[in-house]
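Before any comments, here is the structure.
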Amino acid sequence: MKRTTRKAGSNASWKVPAPGQIRVYVWEWPVRFSHWVMVITIISLSITGYYMHAPYVAAGGRTAYVMGTMRFVHIVSGFAFMLAILIRMYWFFFANRWSRWNQYIPTTKKRMANLVAVGKYYGFMAWSPVRYIGHNPMAGAAYAVVYAMAIVEIITGLALYSQILGSKTLSFFVGWIPHFIDIQWLREIHFLIMFGFWMFFIHHIYTAILVSVEEENGLMDSIFSGYKFVPKQELLRDPAVEEQQPDVETVQAVSVEEEESHTAV
Amino acid sequence: MNALPELDLRSALEARGISRRQFVKFCSTMVATLALPPRYLGAVVKALDQRTRPVLVWLEFQDCAGNSESMLRSGHPTVGDFVLELFSWEYHELLMAGAGKRAEETLERVLSEHKGEYIAVIEGAIPTADGGVHCTIGGKTALDIAQRVCSNAAVNIAVGACAWDGGIVSAGPNPTEAVGLEKAVPGIKNLVNLGGCPHNPANTAAVLVHYLTFHEMPALDQYNRPLFAYGNIIHDQCERRAHYDAGRYVEEWGDEGSRKGWCLYKMGCKGPEATYNCPTVRWNEGTSWPVKSGHGCIACASPRFWDTKSPFYDRLPKVPGFGVDVKASEIGWVATGAVGVAMVAQVVGNIVRDNIRPKHEPAAENKPSDAGGGPQA
C-alpha cells in the first residue's frame, strides 16, 4: 500500500485537499458528538458494569465506598449513553445522506448487492474494497446491530434500575418486563451484550484503520473534524445516492451548489 | 359433627393461657408488620376483640407441609397460637383429629353452611396433567377441590411458593404440570399470594388481621402479594449492605470475610433481585434470617425462583446450550477473544493480499488522479 504524503503542521496542510480531491463535510456534529459520548460511556459502563458483576478490586480502609462509586458512575454513564443514542436516533431522520437511517438498514437491492461485495473483500475474495464516502453497506448493517444492542441494553438497564429505584413513572414503562422475562435473565442479557460491544469495539478499530489506510481519504480524521477527502468523481457518483434510486442508471448526484459547498475550505 | 362452642377471641385466648398483655403485644406486632402507624393499634385490638371467629379451612395439595410447620413452630406465645385462636379452624389436614369420611364431611359442611363467608388458605401446588390425577384427596382431584372451595370463599390466601406459582413442584421439568392457585382457578376473587419457601407466618397473620380489622385486603402488588411484605428489595434492608457498598465481599465459605460478616454478593446472594421483608420480620421470634446466619438469599419469595434464581451460588443463570460448568462471563471472554484473533488474522491476510496483488488490480477503485502525490507543506 502507498503512504500519503500529506502532512499535518502549523499551516494545517491537512485541511487542503490534494489535487483531484475535494473536502466533504460527511459527519455532522450530532453524529460526532453522540459517537464520542458513546465511546466514553461504553468504556466507563464496561469498567463499572464488570465490577458490579464480579467485584475485582479489593476495598481497603474503613471508609471505602468502591461498589457505591461504581454503581453511581454506571448509572450516570447509562443515562448519558441513553441520551447519546436518543440524539443519534433522532438524527437518523434529519441527517445528511451519509448518516440517514437507510445507510444502516439496507432497503434496496443495489445496496444489498454492494453489501455482498464488501463481504467478499473482507473474505479475501476481492482485491479491492468498495469505496464509499459514508458507511459501506456492511459497516452500516453492523452499526444497525450495535444500535439494536444498545436499545436492548438501555431497556434491560432501565428495568433493572426501576427495581431498585421503586419509581412509579419508570415502572410504568419498564416494570412489566420482569413479568415476562425474569429479572435474572434481564441481568444476564444486560451482561452478555456488554461482550457484544467489546467484540464490536475490536472490529471497529481494526476496520477504521484498515479502510483509512486502503482508501486514503482521511477516515480517521473525519470522526474528529467531520471532513473526508474524496476524489471529485466519487462525490459525483455517490453510491449513497445511486443505491437509493435503483431505476436510474447514472445519476448526477451532486448539484453545483453542493459541490461548491464541499470544496470550500 | 359438632361445631366448636362459639367462643370470642378473648375467652379463647384466656383458655389457652395467653394474657391480655401478650394479646396487645401481638396486636402491636401485627400493626408494625403491616407498616401501619401506631395509632391503628386501638382499632386492631378492638376489631379482634369483638369478632366472632370466622371459619377457616386450610387445604394442602402438592406440598411438604412446610408452611403449616412454619406457622406452628414460630415460638411462644406464637403467632401461630393467635392465628389458631382467631379463627375457627374447621379443616386442616395436618392438624385435624378427624380423618377419612368424617373429615371430608366437615369440609362439605363448611361449604354448604358458610358459603361465601369462610377463609380458604391454600398450601401446595395443583397438578393439571392427566386431568389432575397426580394429587387426589378423598377421590377428588386437587384441581376440583380448589375450584370448588376457592370460588366460594370470602378470601383466598395462597401461602408458600407452591401455592403462589407452583414452587418446586412446577420447577423444570414439571412432570405433573403443576401450577399455582391463581392459574388453577382462573378468575379467582379476593386472592392474596404469600410467596416464600416457606411463607413467613407473621405476614400471613398480618394479612388475616388486616382483613378482620378493615374488612379488606392490604395493598397488593402486580403478583397479588401484599406490598408491606413484598414491596422492598431484601438488599436494601440487609444488615450486610454497608459491606456491599464499601466493596468487602466473602470470597469463599469460611474465609476472613465470611467470619467478619461481609457481603455475600460474590457467593451468589440473590438479595439484590429479591423482594421480601425477611430482614426485618425475620424468623423464630425475630432471631435471625438466612443472610444474617451467613448464607446468601435464594430469593425464595420471587416468581418461579427454582428456575429463575438458580444456580443459587452464582450471580447469573447458566446460558442455555452450554455446559453446566460454563459461566456467562467465560462465554463472553472467549467470544471477545475469538474476535480479536479473527482481526489479527485479517491483518495478516491484508498484508498478504497487498503483496500478491497483480499489477492490473488497483488497490482501490476511483483513486484520485494523482494518488499519492499530495501537496507538499
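Note that Cβ sites are derived from N, Cα and C of the backbone, with glycine treated the same way.
All TrEMBL annotations are machine predictions without curation.
For the [4Fe-4S] cluster 1 site that TrEMBL gives as B:Cys162, B:Cys197, the extra residue drawn from B:Cys64, B:Cys269, B:Cys297 is B:Cys64. Cross-referencing B:Cys263, B:Cys300 against the [4Fe-4S] cluster 2 binding annotation in TrEMBL, which names B:His235, B:Cys238, B:Cys269, picks out B:Cys263. B:Cys278 is the only one of B:Cys150, B:Cys278 that TrEMBL places in the [3Fe-4S] cluster site (with B:Cys297, B:Cys300). For the recorded [4Fe-4S] cluster 1 site, residues B:Cys64, B:Cys162, B:Cys197 set the reference point as the centre of their Cβ atoms, and the other residues of that chain within 8 Å of it by Cβ are B:Asp63, B:Gly66, B:Asn67, B:Gly124, B:Gly160, B:Ala161, B:Gly167, B:Ile168, B:Val169, B:Pro198. Those residues of the chain, other than B:Cys278, B:Cys297, B:Cys300, with a C-beta within 8 angstroms of the mean position of the [3Fe-4S] cluster site C-beta atoms are B:Gly196, B:Ile234, B:Lys270, B:Gly271, B:Ala274, B:Tyr276, B:Trp289, B:Pro290, B:Val291, B:Ile298, B:Ala299, B:Ala301. For B:Cys64 ([4Fe-4S] cluster 1 binding site), applying a Cβ distance below 8 Å and a minimum sequence separation of six or more within one chain yields no residues.
Summary for the binding-site residues B:Cys162, B:Cys197, B:Cys278, B:Cys297, B:Cys300: the Cβ-based neighbour count within 10 Å is maximal at B:Cys162. Looking only at the binding-site residues B:Cys278, B:Cys297, B:Cys300, the one with its C-alpha closest to B:Cys197 ([4Fe-4S] cluster 1 binding site) is B:Cys300. Each residue contributes its Cα atom, and for B:Cys278 ([3Fe-4S] cluster binding site) and B:Cys162 ([4Fe-4S] cluster 1 binding site) those atoms are 18 Å apart.
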